[in-house]
Amino acid sequence: MSKPLPSALNPLAKALLIRHSLRPRHALSRIGMGLALSSALVFQVQAQEWTLDIPAQSMNSALQALAKQTDTQLLYSPEDIGGLRSSALKGRHDLQSSLRILLQGTGLRYQIDGNTVTVTASAAAKDGQIELSATNVNSAGLGETTEGTGSYTTRVTSTATKMNLSIRETPQTITVVTRQRMDDQHLGSMNEVLTQTPGITMSQDGGERFNIYSRGSAINIYQFDGVTTYQDNQTRNMPSTLMDVGLYDRIEIVRGATGLMTGAGDPSAVVNVIRKRPTREFKSHIQAGVGSWDYYRAEADVSGPLTDDGRVRGRFFAAKQDNHTFMDWYTQDRDVLYGVVEADVTDTTVARFGIDRQTYKVNGAPGVPIIYTNGQPTNFSRSTSSDARWGYDDYTTTNYTFGLEQQLAHDWQFKLAAAYMDVDRDSFSSYYSTTTNRSYLELDGSTEISAGIVTAKQHQKGVDATLQGPFQLLGQTHELIVGYNYLEYENKHRGDSGPDVNINFYDWDNQTPKPGDDEIIPGIQYNISNRQSGYFVASRFNLTDDLHLILGARASNYRFDYALWRIGNEPAPYKMVERGVVTPYAGIVYDLTNEQSVYASYTDIFKPQNNVDITGKPLDPEVGKNYELGWKGEFLEGRLNANIALYMVKRDNLAESTNEVVPDSGGLIASRAVDGAETKGVDVELSGEVLPGWNVFTGYSHTRTEDADGKRLTPQLPMDTFRFWNTYRLPGEWEKLTLGGGVNWNSKSTLNFARYNSHVTQDDYFVTSLMARYRINESLAATLNVNNIFDKKYYAGMAGSYGHYGAPRNATVTLRYDF
């Protein structure tokens, strides 16, 4: 136990009192006072710069390393830093910027007095000191947590390798959408966030069924706080793309193959969603918004200590949203609840338990028929919808999460995370029939409307455990991580139908009789069970001060059970088991300067798939290789990140639609396996603070996927995308005003209909948006967002025989009060 100190003393006096009154060696041992002393005092230490290399580790070891490498005297108390972990520090820095980076996000503050630095924990900043709470991070020292930083980038990310590396140190393309950017752009759902990311595109098959693509493949792996979940793109039970993002701190997107950490999956991307965590100091806000089409939203977020000593902390978030839309008879209703408790079980152990529940209820359905039976494209009003007024589609998603972080000796760390997800879907709609490569709409408007009833239950369990830390070899410090993760996914999906109704689509006014229980026709049952587990090991070898090599491998076991049958018939189950599948990973990073690096990486691809052939049998696993090389820059002490990447993906057994319906499948489209498929592309991105007060996020992406004969695959997706968004806080007497705006551009996309020797093309288009925020006082701010200011009409996504219009010009006003 540390000796209590008079609370009236300032941090420097407190530290010096400890130093002088507890000078005997045995007393220092008994008290556990952390004291790092230099052998000589150096004057003007604040102005001096050093080339530093301090990996992320326990705060005690990081401060000792800083004292040694800068020849500086550091004073601190173990009870202030117990259980805390530093950020990584690398490059050339002065003492002040070094402290800001190491201490960011910890609630610690520092005071420099000549060659002596005192580090303490405190509830409030005082004269001559800088407060670095978990939600008030000085922009010169960013860390993982983005909330409260005002930044469009982050200093540390672990999604790609599970190691705490900067974006520049990671040999893959990483995009981070921070809390500030989500607030500035008024991004409310996961699909809104992802479609604002360069290289990410969308198709929509009707209703609330989003397919999100990256590098030519659908994204089907989503992580929540690093625990992997699976999204089935066949049954379209896709809760991950519909999630409200109000409870998240940031969203990290690692593009390309990530099999080392996630196991089976496409070489598209992994989306890691990081929830907000409790803060050591009280903070809260309430927020209300109104907007176009009767948009109303209210939310509250409260966080802080639950005990006097702050060792137990909690956070609660709630949101309610109701809105109509630009489409007739189509409304949305969201309810979000999130609670989490975090505790310092010991000075080196942190445990966390949280629950979040989201309900998403929709009346009606978006989308319009995109082509007539004669092959002529349609041109409906954006207000047109294709569902009866009584149609609905309801999702309820509940997540239970647990986390444990244990600091070990010699700067090693053990982490354990577990999650359970439960999803219920209930849908009853009357929809315009959609089938790939076929239209059911005559030129005179006559067509059939079919009632569809879907019930689905999805359960997922996930565990992720890692042990990591530094080790010495050949005079250099290296990082090693070993781990295990497990995923169990079950999805039971039943689809029934009602009698077809003949209507005229031009004047049906979205009204048809709702089928009674005695009119329901049994349809199909579709069950999937997917279990995978794997052990992985990876190491970051610092071969020289400038050359870093990451080598890793994963050994995985898979079991995939699949059954599709018409109700009343006997199921025909299919099972695939793979054991000991090895996925290698290699990445190399060379530091050109303290701010710029070049890199190259390689990994294997393995993905069991539920795309089926004409007999209903799943295709063999997709296999391949992923190559990437690029350049990265980290400027202005990490406040600005830039990257350029070139990539190539080679795959066999890639599923391609045959446009044929599998017999007795309820409309399931058959696929064929394509060998020799190749995807090539480039990603360019810039994010962060370009100048004081000026935040920018921009990026360009090009991708093209071809089969072995050079034929382009997925032409319904744009090959090129450009995203730009920026905000500027005005200086001087206008400092209360922040202005922002941006533009999204997608290149041409084409949906082909071979049956009619026809196609539907969406030409390239721009969508422009603006925002303005005025800070009324220190606590209250008002924000105006205007989207699609030029009211561009365009298809945001095309699939099957449906098109989905992007929203017309719209506006929201949000009022936020921070306590």
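Note: Cβ is positioned from N, Cα and C throughout, glycine not excepted.
The motif 'TonB C-terminal box' annotation in Swiss-Prot falls on one of the ranges 208-225, 388-405, 658-675, 802-819, namely 802-819. As stated in Swiss-Prot, the feature motif 'TonB box' covers range 115-122 out of the listed 3-10, 83-90, 115-122. Taking H, G and I as helix, E and B as strand and the rest as coil, DSSP gives the domain 'TBDR plug' (166-276) the counts 20 helix, 45 strand, 46 coil. Taken as a whole, the motif 'TonB C-terminal box' (802-819) shows an average pLDDT of 95 in this prediction.
Each residue of the motif 'TonB box' (115-122) gets a DSSP state, and the totals for helix, strand and coil are 0 helix, 6 strand, 2 coil. Counting residues per DSSP class in helix, strand and coil order gives 0 helix, 13 strand, 5 coil for the motif 'TonB C-terminal box' (802-819).
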